[in-house]
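Colleague: In case it's useful when we look at the structure, here is the feature table from TrEMBL:
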DOMAIN    1-160  domain 'Protein kinase'
ACT_SITE  Asp32  active site, proton acceptor
CROSSLNK  Lys34  SUMO2 cross-link
BINDING   Glu36, Asn37, Asp50  ATP binding site
Amino acid sequence: MGNKAEHLFKKYILSLTKALAYCHEKHVIHRDIKPENLLLDHEGRLKIADFGWSVQSRSKRHTMCGTLDYLAPEMVENKAHDYAVDNWTLGILCYEFLYGVPPFEAESQADTFRRIVKVDLSFPSTPYVSSEAKNLISQLLVKDSSRRLPLQKITEHPWIVKNANPVSDSIGDDEDASGNPVPTSAVLMASRSTLG
């Protein structure tokens, strides 16, 4: 993966981290972060959409909800969960942005569940992804939710800090002809075909 693509995707992760930090400050757990639920405005700022599975809570939750490839192990195992499920999803998205597929995707739902619970994580040799990016992903995709990298630490992570200027950099002009935000999944597909 070229440096340009990694630079673009780290901006998405930083933007999403800040948006989730705001949600968490308001005691909202999104619980269904995935490319289809992310939008980019005309200035390239990431916006979170579809709060259908979100919950406002200061306590642990027990409802299994969300989308298969993005579920945290505690949800798959029907255990109580909290804000850390959103941090897990950041790791999933970071991997998917860089490699083009979710990390635990498998032929069957049962195999995907098994891979998630075991955190059966591997990094393909292609496309090239920096060691800093792999390190961030590895710190987010941790089975023990209390050991996942906190949102504040994500903003301080070397991969994020290295080239992402959160104040002055815009991500791009990603809107349709009428000025509406474009779903991030469409932008990612276009980016992979032109940047990779």
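Every residue gets a Cβ built from N, Cα and C, even glycine.
All TrEMBL annotations are machine predictions without curation.
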Colleague: Under a three-state reading of DSSP, tell me whether Lys34 (SUMO2 cross-link) is helix, strand or coil.
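Modeller: DSSP assigns Lys34 (SUMO2 cross-link) to coil.
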Colleague: Please work out which residue of Asp32, Glu36 has the most C-beta neighbours within 10 angstroms of its C-beta, and give that one of the recorded positions.
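Modeller: Top count of Cβ atoms within 10 Å goes to Asp32.
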Colleague: Limited to the domain 'Protein kinase' (1-160), I'd like the whole-number average of pLDDT.
Modeller: 85
Colleague: Given a separation of at least six residues and a C-beta threshold under 8 Å, show me what packs close to the residue listed as 'SUMO2 cross-link' in the same chain.
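Modeller: Same-chain residues close to the residue listed as 'SUMO2 cross-link' (Cβ under 8 Å, separated by 6 or more) are Thr67, Asp69, Tyr70, Thr89, Leu93.
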